[in-house]
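Accompanying notes for the structure given below.
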Amino acid sequence: MGNSMADVIQDSVLGQVIHFITRGKVCAFPEEDPNFRIPWEDVSAAEKEIDIEADTTPVSRVASDAPNPPLPRVSSIDDKDDIEARVPGLTTIPTAHSSAVRSAVGPVTTRTLTRERTLPYSRERFDIEQEEAVERRQSSIIAPQRTSDGVILVDWYTTDDPANPQNWNSWKKAWVALIIFLYTFAVYMASAIYTSAEPMVMEKFGVGQAKASLGLSMYVLGYGFGPMLFSPISELPIVGRNIPYAISFGLFVILCIPTALADSYATLLVLRFLTGFMGSPCLATGGATMGDMYGLLKLPYALTAWVAAAFSAPALGPLLSGFSVVAKSWRWALWEVLWCAAPIFVLMFMSMPETSASNILLRRAQRLRKLTGNPNLKSQGEIDQGNLSFSKLAADQLWKPIEICLKDPAVFFTNLYTSLIYGIYYSFFEAFPLVYIGIYDFNIGELGIVFTCIVVGCVIGIMIYVSYVYFYLEPDIKAHGLRAQEHRLVPALFAVTLMPAGLFWFGWTADPQTHWMVGIIGITLYAIGAFILFQCIFMYLPLTYPQYAASLFAANDLTRSSVAAGAVIFAHPLYVNLGIGRGISLLGGLLGGGVVGIWALWYYGASLRARSNFAAK
């Protein structure tokens, strides 16, 4: 698999379907050619030709549930002389004639620890990525490893193997990132696009304000629960990323049709929940897809774009539907979700390649076994999967985050604080109509324009955070390596003050005597602070708890979405009974307490990690 568009389509869901239907005649892989020769076989052949009599190959420990201990890396056959002395139980190919082998087949690399066998976001993975980046510059064959029970581990063929997502060129990575961006945008936009239709929904079904807001609340709750299911599924090597994406997003698109046609309010609410649930894999594994392609040094840039889609899309929903629901009907807002999502699904189905290294290597191992008839050719993912089960993954996904949250104050605080920030964001969908329609006499379409101030704040936040990463963090990492995790919180120390300040600004300028633009400045400040803080927290958590990163993210998603779903319900009576000024001030005061928490996390983080049973030391 290379980097051309044909290769992209070959490994997409469409390509896999065509491959299955034609039994490998179309969209065939190199291993399905009867004349295909495994690159490492050339190494063995060269050894035989120069009379190397050795039948031992490197023995690698089989991965277990415990983190892998750091093992030495070697960059060529000539560097392997002292491996046996440094790693008990590891035998190597004799190297007396290794230079002759190299001249016959080219450079040969032996890896005793690969990126795929390290924990995501860990220092060990960062070190491996830096070494592999150096190896990638000179294409060399990767010698296979053999386990003590005779299994030959199927790995990448060469250090620059085009099937490895880490080796894809920039345009291919950007294409996949763009699809994930659009996918995330469509799902998150679909949440708030409904708000413009609420007045007409109240009239159509004869429900009050609180019940009408359930259409938004149930959708948000749905995409909060989804990651608890889809996140563990996508970690199974036999499944990978693309299958959950395609099936769930396809159902999302289909569900948009009955949702727009619903004739009872109960039906509408159930379908809104199911639609949100089916849209959640972009939330559950979108970040993991970025991590499949980008190393830790460049990952912050990719995650910034992905988070920007999730952060800004709800704010654009009311703008997209505000004018159309007035001109057409409330159903028009829900049809717009279909029109937006369907083309993105087609694009994903036809041109998004699989990014999970475990899945790619598992399918390669299956093809090699069929080609050679050797049952001992297996990928590390297949071996690991034998010790895994969905029930075990699901149990870890459900219980482990709860346990960590209860026992680790840093996780408890970050979950609580990010949930509060997210809940306040969704309370704006109730506050803005009270202010800009109730006080300033905006219509529904004009109200949608007001929400774009959140997008402006997001763009400013991107500029600030990316500048910090590009001009300071990345050069610092190159010079000093990964510093303590609290180093990632530095921008948050300043951003955290913008949120309560922006809320007080907005709350106490919502007055007929004050120009409507003044309050928008306050919301923009809030959006800047919230975006930067989310970026910092979502890099801090996985670096601090790399072994539990996936389950912690899923649990944080559920907590944030649950609070946001509740905020949609309580926000309207809160602002009506207390007034905009006092209601917003109450929420701003709660955020003000979080300022102390963020500074405490930065100052005492190291000591908290030292006492934690879950954090990386």
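Count begins at 1; order follows the chain as displayed.
Backbone N, Cα and C define each Cβ position, glycine as well.
TrEMBL lists 174-194, 214-231, 243-262, 301-320, 332-350, 410-429, 449-471, 492-510, 516-541, 586-604 with the feature transmembrane segment. The annotation domain 'Major facilitator superfamily (MFS) profile' is assigned in TrEMBL to 176-617.
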Hey, does the transmembrane segment (214-231) touch the transmembrane segment (332-350), meaning at least 3 C-beta pairs closer than 8 angstroms, sequence gap 6 or more? no
Tertiary contacts of the transmembrane segment (243-262), defined by C-beta under 8 angstroms and 6+ residue spacing from its ends, are 13, 183, 187, 226, 230, 233-234, 268, 271-272, 274-275, 278-282, 285, 331, 334-335, 337-338, 341-342, 344-345, 348-349, 352
Going along the chain, which residues at least six beyond the ends of the transmembrane segment (174-194) come within the CB cut-off of under 8 Å? 8, 215-216, 219-220, 223, 245, 249, 252, 272, 275-276, 279-280, 282-283, 286, 289-290, 293, 302, 305-306, 308-310, 312-318, 320-321, 333-334, 336-337, 340-341, 344, 347-348, 351-353, 355, 429, 451
Stretch-level contact, the transmembrane segment (492-510) and the transmembrane segment (214-231), CB cutoff 8 A, at least 3 pairs: no
Of the listed stretches 301-320, 410-429, 516-541, 586-604, which one has the most C-beta pairs under 8 A with the transmembrane segment (449-471)? 516-541
